[in-house]
Amino acid sequence: MPSFNQSIFHPAVFFLTGIPGFETYHAWLSIPFCCLYAIAISGNGMILFVIFTESSLHEPMYYFLSMLSFTDLGLCLSTLVTMLGIFWFNAQEISFDACIGQMFFIHGFTFMESSVLLAMAFDRFTAICNPLRYATILTNSRIIKVGFAIVIRGTTALVPLLLLLKRLSFCHGHVLHHSYCFHPDVMTLSCTDTKINSAFGLAIVISTAGLDSVFILLSYVLIIHSVLNMASPEERKKVFGTCVSHISAVAIFYIPMISLSLVHRFGKQAPPLVHTLIANVYLLIPPVMNPIIYSVKTKQIRKAVLKIFLSKMI
């Protein structure tokens, strides 16, 4: 690892980290990572393709699913170059401005995914608790407006956050714990007072992912209350079955995100390998698992995918 001057400076570059302790095996480790990226990109690309080509899937539920696949695809592509660059070419250097740009996309797509999961929860709540008004509430024009609101909400708050980061000076070296630029990771290297950055970053997380998780939980409390009032056990099972995919998507998104946040805040003494593994799980598992979950659990998506494959084979 290069040696660094410990005086105060504004770095021209940061150095990203691969898998600590396994540097000599990076070429081999790149194989499972390539497989995960291939599954994520092809799976989410397939979901987007079948939703927009199959007229039977032109419904609110599937429009929101296409938004989820889009954010997963963006999240995956935001780290593809730096991560595989480290494994294949030992390309650890990333300029400060490129690092800021990567943070914008990573955190932006993360906040957008949280908003999409909330929109999907509202979709399930409306379909189950107010089915007669479902078509009039979730019209195409409203879904388009929701999509624009998700993009704006996920990106506007990041601009001042990243501008605040650019004013910092660094004196603790510039080696990051991850294979990509992550705001809390970069901020820990600063020797400038970061209280404003920390407070603003925490406020953004609470007002986006934190608030979204509360409303998602509330929506499922209301859904469960509504389902329990149904007389038929078969009907209850059928209704709960429509929520399984979304509940799974919520779990695989929020659990790694909360774990990574806890490690950054309270696990400073944890081995670097722990930081790296949780960071990779946080960014790769949701994009990989969501297409699999929805393809397996959602009959309409599964039929559309099989239809495309069979037509190609014929």
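Even glycines carry a Cβ here, placed using N, Cα and C.
A quick note: this is a predicted structure, and the numbers were derived from the prediction, not measured.
Now, the feature entries from TrEMBL:
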{"type": "DOMAIN", "residues": "43-294", "note": "domain 'G-protein coupled receptors family 1 profile'"}
{"type": "TRANSMEM", "residues": "25-52", "note": "transmembrane segment"}
{"type": "TRANSMEM", "residues": "64-88", "note": "transmembrane segment"}
{"type": "TRANSMEM", "residues": "100-122", "note": "transmembrane segment"}
{"type": "TRANSMEM", "residues": "143-165", "note": "transmembrane segment"}
{"type": "TRANSMEM", "residues": "199-227", "note": "transmembrane segment"}
{"type": "TRANSMEM", "residues": "239-257", "note": "transmembrane segment"}
{"type": "TRANSMEM", "residues": "277-296", "note": "transmembrane segment"}
Integer mean pLDDT for the domain 'G-protein coupled receptors family 1 profile' (43-294): 90
Residues of the parent chain within Cβ reach of the transmembrane segment (64-88), under 8 Å, 6 or more residues beyond its termini: 16-18, 26-27, 29-30, 33-34, 37, 40-41, 44-45, 47-48, 51-52, 94, 102, 105-106, 109-110, 112-113, 116-117, 119-120, 123, 143, 147, 150, 179-181, 249, 280, 283-284, 286-287, 290-291, 294, 298, 301
Result, the transmembrane segment (277-296) in contact with the transmembrane segment (25-52) (3+ CB pairs under 8 Å): yes
Tertiary contacts of the transmembrane segment (143-165), as residues 6+ beyond its ends and Cβ separation under 8 Å: 60, 63-64, 67, 100, 103-104, 107-112, 115-116, 119, 183, 186-187, 196-197, 200-201, 204, 207-208
Other parts of the chain folded back onto the transmembrane segment (277-296), taken as Cβ under 8 Å at six or more residues beyond its ends: 33, 36-37, 39-40, 43-44, 46-47, 65, 68-69, 72-73, 75-76, 78-79, 83, 106, 113, 177-180, 182, 245, 248-249, 252-253, 256-257, 259-260, 263, 302, 305
